[in-house]
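Here is the structure we will look at.
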Amino acid sequence: MDIEMIVMKLVVCGGNARSSAIEALRSAKNGDFKHADQLMEDAEKTIQEAHEVQTEMIQNELNGQKAEVGLLMVHAQDHLMNAMTVMDLCKEMIDILRTKINHS
């Protein structure tokens, strides 16, 4: 996979995972935890796709095929890390909402 495709894959996966996590939180706020759980599963699957691309890049580098790391790659990695942070926070907030509703 060429560097442009890698960058696009990471940006798209990061953006989609982040969007799913935010939508999951909104569903949980409305009491629809089944939908929230499904959306978080979707986000996890999407992030896994990005991790597979990262793993391939790491393996290539270990085999002597260093990737060009320019501003676009940094931007793509930033998208991915942002998505992972949002997902972690949304999981916690969904758990808080679930607990609050179950104890009401």
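Our numbering is plain: 1 for the first residue shown, then up by one each step along the chain.
For all residues, glycine too, the Cβ spot is worked out from N, Cα and C.
Among the features that TrEMBL reports, active site, tele-phosphohistidine intermediate is placed at H75. Summarising the environment of H75 (active site, tele-phosphohistidine intermediate), the number of other Cβ atoms within 10 Å of its Cβ, over all protein chains shown, is 14.
For D78 (Mg(2+) binding site), applying a Cβ distance below 8 Å and a minimum sequence separation of six or more within one chain yields no residues. Annotation source TrEMBL lists Mg(2+) binding site at D78.
In the three-state DSSP assignment, the secondary structure recorded for H75 (active site, tele-phosphohistidine intermediate) is helix. The phosphohistidine annotation in TrEMBL covers H75.
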